[in-house]
Amino acid sequence: MEGASNGGMLYHEVQESKLCAVHCVNTVLQGPFFSEFDLAALASDLDSKERQMMLQGSASAGDFLSEESHNVSLGGDFSIQVLQKALEVWDLQVIPLDCPVAEPAQIDPELENAFICHLHDHWFCIRKVNGEWYNFDSLYAAPQHFSKFYLSAYLDSLKGSGWSIFLVRGNFPKECPISSSEASNGYGQWLSPEDAERITKSCNLTQAPPQRNNMTRQHPEELPSLAEADLQFLSDMEDEDLRAAIAASLMDSAPAPASAEVSTPKTENKDMEEKTE
């Protein structure tokens, strides 16, 4: 069992635009360690290295060598490779749960410390903090406590619903400078377990079930004890300032040739059209 960290507080980030990957990484680390600009820089570096590898390989790299980034969209949707690189900075490994090396976690997930879950364009983290399991999905107003039995059932249900699940292993940071204003990215909040439970209960009592969209449909219907996603945080999916900032960050860190502008992946456009219907 991991020792007490951050004074027993829980670090949670609430959904901002399409930055669920940022929220996911920070809740794995339990602190505001990364911003969208940090992940954008990692994505640009990955794009550059992948292009170089393709140029050195076969001549069939035409599609890959397009202007489109393969690791981030202008809306802030990052690839698993970016999350892996970010967590590698802290000596953490991201392992697909269906890999042979992760077999013990499939049998006894409660013996692990963190899982990353992904479906379509949404990421979230399930994390053990001070010996207790919590769902740090940024669509929720506060982290939600899991029993060890419920953790296993929930992971099984996610897998049955098509989610990709990754195990995170390594030496997790024990402390984060909570009092440092420089450490805040503007999305996070520190909550005691009691505060988190109170917020969750309040949301369950006061919120009517919102209309489901692509995001909320991805959560298993057969687990009704979880609160519905708070969709007010998804109302500003077209944050033009964020798009411009990420594009600028990508151009600053990308090599100079020709067109450095990154176009939004078609898959994101398709998802955005579905959400607005």
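Backbone N, Cα and C define each Cβ position, glycine as well.
Just so you know, TrEMBL annotations never went through curation; they're auto-generated.
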Q) Of 188-217, 248-277, which span is tagged region 'Disordered' by TrEMBL? A) 248-277
**Q.** Neighbour tally for H122 (active site), based on other Cβ positions within 10 Å of its Cβ
**A.** 25
Q: Work out how many Å separate H122 (active site) and D137 (active site) at their Cα atoms, rounded off.
A: 9
